[in-house]
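Student: I am attaching a structure below and will ask some questions about it afterwards.
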Amino acid sequence: MDIEKMTTTMQEALGSAQQIAQVRHHQVIEVPHLWRIFVQPNSFGANFYKDLGIDLDDFTNLIEKEIDKINSVEGSNITYGQNLSPDLFQVFTEADKIAQKMGDEYLSTEIILLALFELKQNPLTEYLVSHGLTKAKAQAAIEKLRGGDKVTSQNAEETYKALEKYGVDLVAQVKSGNQDPVIGRDEEIRDVIRVLSRKTKNNPVLIGEPGVGKTAIVEGLAQRIVRKDVPENLKDKTIFSLDMGALIAGAKYRGEFEERLKAVLNEVKKADGQIILFIDELHTIVGAGKTEGSMDAGNLLKPMLARGELHLIGATTLDEYRKYMETDKALERRFQKVLVTEPTVEDTISILRGLKERFEIHHGVTIHDNALVAAATLSNRYITDRFLPDKAIDLIDEASATIRVEMNSLPTELDQANRRLMQLEIEEAALKKERDDASKKRLEIIRGEIAELREENNQLKAQWEAEKKEVGNISEKRNELEHARHELEEAQNEGNLEKAAALRYGKIPEIEKELKAIEEKAKSDDLSLVQESVTEEQIAEVVGRMTGIPITKLVEGEREKLLHLPETLHQRVVGQDEAVEAVSDAIIRARAGIQDPNRPLGSFLFLGPTGVGKTELAKALAENLFDSEEHMVRIDMSEYMEKHSVSRLVGAPPGYVGYDEGGQLTEAVRRNPYTIILLDEIEKAHPDVFNILLQVLDDGRLTDSKGVLVDFKNTVLIMTSNVGSQYLLDNVGENGEISEETTENVMSQLRAHFKPEFLNRIDDTILFKPLALEDIKNIILKMTSQLAHRLEEMEVELELSEEVKVWIAENAYEPAYGARPLKRYLTKVIENPLAKLIIGGKIPPKSKVIVRLIDNKVDFDVQSIAE
């Protein structure tokens with residue numbers, strides 16, 4: 001017996017059998033040791049016996065018992081599992097004879113399985129024969145398995161039933177009802193049929209964006225083959241989807257991958273045109289399995305494709321086709337392109353209506369038609385980086401899964417009742433230990449409450465169980481209907497008209513009637529604890545979760561918040577009514593859903609002197625909308641003064657450092673499409689920056705350096721500038737009004753600085769007024785209240801007299817600098833002295849500091865707060 005003349009699988013099996021013998025302290029390798037390896041799950045031997053009707057669990061138990069009967073030998077100088085037992089040696093001797101007779105170069109597993117029958121008295125042989133597996137039957141199965149081939153390589157077992165092992169029969173999947181229906185795409189399916197019917201170049205490749213339904217077209221073809229809705233030349237053909245991953249996985253030795261692929265191709269060749277091969281992600285064949293000196297899958301396929309011996313359908317995306325397939329011209333010309341475009345919203349709704357029943361059965365929910373329409377329209381509008389119908393199907397699936405999880409979870413009412421009951425029971429247990437009258441009285445009250453709650457709890461639980469059962473009945477009946485329809489389809493395909501008639505006119509109408517009655521009952525019962533309907537509201541919630549864009553119906557609290565948005569913004573931004581109003585209106589328009597869907601929510605240019613609240617307004621808006629001013633894309637345009645720095649907004653071009661990182665503007669918006677973009681000090685930027693902003697302002701879109709389209713339709717663009725601020729400072733009226741002449745002067749300076757095509761695209765240009773003395777007082781009030789809030793954490797109260805506030809306002813106010821000097825002045829005259837007093841221990845906790853003005857100087861009076 002030469003181990004080198006065995007196949008790799010056989011060598012590994014013998015090695016594993018030796019390990020069993022060593023672990024069990026058996027001196028020699030016996031027949032049961034080796035057979036224990038042969039019947040391991042998914043092994044060649046296990047599949048062989050299973051196909052021939054042997055109960056593997058029963059057979060494995062027998063092998064284990066036989067191993068247990070072998071005596072263990074103990075000792076210090078004993079070697080275990082180094083030799084074969086006489087029985088096993090006889091099996092190998094007989095196997096050698098059979099292999100020579102069959103003309104095999106290597107000893108393979110199936111020959112060893114056949115040689116076992118030569119051991120007439122062996123319990124394993126007796127078991128197999130008693131269960132109907134004779135030597136003749138096993139030999140016939142081996143001949144069928146091999147298909148007349150001889151074992152000429154060490155990977156022989158890998159090549160048996162190669163298509164079954166490395167592929168999925170799509171036609172068989174359709175027959176078993178494991179495939180979703182394919183709706184529409186008739187034109188593309190006809191194109192594929194036309195290409196498959198050609199004499200040469202009869203290999204279609206489906207090219208389209210990810211998620212448009214390329215694989216579904218092949219599944220649709222498989223469904224047509226089952227329905228016999230194809231030309232004569234395609235009737236009774238089988239489509240096998242080849243799994244390239246499984247083909248490559250575990251190919252350890254050089255040539256093993258090629259051998260597996262050749263085995264697949266030989267099976268296809270032997271089928272004489274009855275098998276159509278489908279390779280999803282076709283580009284993977286270019287370079288697949290290529291190691292030093294070996295061929296890749298693409299080159300192995302070329303000869304058969306050229307001779308027309310292989311019918312192959314491929315599917316790949318546009319980018320991958322260009323990157324991999326077009327580089328290999330010889331391979332590319334053997335395929336005929338079939339372009340698969342993205343379906344329209346209307347087509348997507350039709351597709352969703354076709355899939356609706358499948359999702360209802362899988363999740364056990366009811367999907368309303370308005371949810372399907374919402375999924376198609378909302379995904380098309382808000383999820384811009386993916387394609388229909390995939391993104392719409394995802395929304396339906398996600399919303400259905402959410403409802404399903406809620407159905408299986410405890411309802412809020414029941415959960416609250418349970419928690420309250422637990423709380424009262426804990427209180428009852430504590431009061432039992434008390435002896436005073438008040439506790440006894442309270443205990444009686446609590447026991448009464450517990451009794452009431454338990455009754456309410458039991459009622460709720462019974463109602464919930466009943467509602468769940470009702471929903472479960474609907475789901476079961478839908479499953480029954482689906483099964484009956486599948487049976488009808490099978491009967492029609494087989495030509496069993498009697499069965500088809502019984503199903504169509506008897507069983508199916510009866511189930512439909514029962515289902516309708518159950519659904520009507522559920523509707524009239526008005527399920528209050530179990531929500532089993534998927535409506536447009538759930539779809540909107542899912543879109544909101546995925547994109548961060550709020551599109552759900554407004555709840556009462558949010559309505560109030562939006563209507564009072566100007567007042568809320570004024571709490572942070574003093575004055576500037578026009579600017580606050582314009583920004584608030586843009587947000588209200590967006591949430592009402594009436595803004596132009598092809599433009600940003602709003603684009604504003606804020607003009608005015610420094611320190612009047614331009615940037616502060618953007619921050620206040622971000623805080624109000626997103627609860628944090630960090631949720632704002634702030635770009636300081638002074639960083640973009642050089643021409644070359646423009647590329648940082650959209651990303652560096654290919655070949656430059658930072659190409660992989662993406663643009664600062666595009667990446668921020670791509671990750672968070674609902675945001676506020678603040679372009680601060682825009683006049684400082686290079687003029688080329690404005691060219692990039694043109695399409696953002698007009699169409700709400702921008703293409704980054706990688707060619708990815710970024711959607712700006714859900715952003716608010718705020719640009720700030722100091723252009724013309726001198727006119728505003730010099731010519732503002734006493735009551736803070738800006739004269740028409742001043743406005744015209746500012747606008748003319750603006751037109752001189754920015755191009756007309758840029759200014760023309762901005763929704764509103766707003767002039768910020770210089771701050772009046774009254775505004776300054778309000779700002780001081782705001783700043784001092786912030787300081788007082790910080791001191792509260794140290795248990796110190798702060799009080800400023802009115803004259804101090806007026807004095808700070810008069811001394812700190814400089815119209816040219818706005819509100820910024822106030823902060824500096826307040827730090828100098830209030831915060832610094834306060835800090836020194838705190839560090840010196842003169843302001844202990846639980847004290848009050850009153851700030852007064854004495855002889856034109858600030859005085860701090862520290863008082864203790866009485867407990």
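Each Cβ is built from the backbone N, Cα and C atoms, and glycine gets one as well.
So Swiss-Prot says this about it:
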type	residues	note
BINDING	Gly208, Glu209, Pro210, Gly211, Val212, Gly213, Lys214, Thr215	ATP 1 binding site
BINDING	Gly608, Pro609, Thr610, Gly611, Val612, Gly613, Lys614, Thr615	ATP 2 binding site
COILED	393-527	coiled coil
DOMAIN	3-148	domain 'Clp R'
REGION	84-148	region 'Repeat 2'
REGION	161-342	region 'NBD1'
REGION	343-548	region 'Linker'
REGION	771-867	region 'C-terminal'
Student: At a 10 A cut-off on CB-CB distances, which of the binding-site residues Val212, Val612 has the highest count?
Tutor: Val612
Student: What residues, ordered by sequence, lie under 8 A Cβ-to-Cβ from Gly211 (ATP 1 binding site) and sit at least six positions away in the same chain?
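Tutor: Listed in sequence order, they are Arg386, Phe387, Leu388, Pro389, Asp390, Lys391.
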Student: With an 8 Å cut-off on Cβ distance to the Gly208, Glu209, Pro210, Gly211, Val212, Gly213, Lys214, Thr215 Cβ center, who else from the chain surrounds the ATP 1 site?
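Tutor: Apart from the listed residues, the neighbours are Ala315, Thr317, Val340, Glu342, Phe387, Asp390.
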Student: Got a sec? Which of these binding-site residues, Lys214, Lys614, has the most Cβ atoms within 10 Å?
Tutor: Lys614
Student: Mind tallying the region 'C-terminal' (771-867) by DSSP state, helix then strand then coil?
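Tutor: Tallying H, G and I as helix, E and B as strand, the rest coil: 51 helix, 23 strand, 23 coil.
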Student: Does DSSP give Gly211 (ATP 1 binding site) helix, strand or coil?
Tutor: coil
Student: Give me the Cα-Cα distance between Thr215 (ATP 1 binding site) and Pro609 (ATP 2 binding site), rounded to a whole Å.
Tutor: 60
Student: Comparing the binding-site residues Gly208, Gly611, Gly613, which residue's C-beta has the most other C-beta atoms within 10 angstroms in this structure?
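Tutor: The residue with the most neighbouring Cβ atoms within 10 Å is Gly613.
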Student: Pop the Cα-Cα gap between Gly613 (ATP 2 binding site) and Pro210 (ATP 1 binding site) into the table, whole Å please.
Tutor: 46
Student: Would you mind pulling the DSSP three-state label for Thr615 (ATP 2 binding site)?
Tutor: helix
Student: Of the binding-site residues listed here (Gly608, Thr610, Val612, Gly613, Lys614), which is spatially closest to Lys214 (ATP 1 binding site) when Cα positions are compared?
Tutor: Lys614
Student: Between the binding-site residues Pro210, Pro609, where is the Cβ count within 10 Å the lowest?
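Tutor: Selected from the binding-site residues Pro210, Pro609 on minimum Cβ neighbours within 10 Å: Pro210.
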Student: Specify the nearest of the binding-site residues Pro609, Val612, Gly613, Lys614 to Gly208 (ATP 1 binding site), where nearness means the distance between Cα atoms.
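Tutor: Of the binding-site residues Pro609, Val612, Gly613, Lys614, Lys614 has its Cα closest to that of Gly208 (ATP 1 binding site).
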Student: Cα of Thr610 (ATP 2 binding site) to Cα of Val212 (ATP 1 binding site): how many Å, rounded?
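Tutor: Rounded to the nearest whole number, the Cα-Cα distance is 52 Å.
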Student: Per DSSP, what is the residue count of the region 'Repeat 2' (84-148) in each of helix, strand and coil?
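Tutor: Going by DSSP assignments, the region 'Repeat 2' (84-148) contains 47 helix, 2 strand, 16 coil.
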Student: Count the other Cβ atoms sitting within 10 Å of the Cβ of Gly213 (ATP 1 binding site), across every protein chain shown.
Tutor: 29
Student: Roughly how many Å lie between the Cα atoms of Gly213 (ATP 1 binding site) and Thr615 (ATP 2 binding site), rounded to a whole value?
Tutor: 47
Student: When a 10 Å sphere is centred on the Cβ of Thr215 (ATP 1 binding site), how many other Cβ atoms does it contain?
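Tutor: Step by step: centre on the Cβ of Thr215 (ATP 1 binding site), count other Cβ atoms within 10 Å, giving 15.
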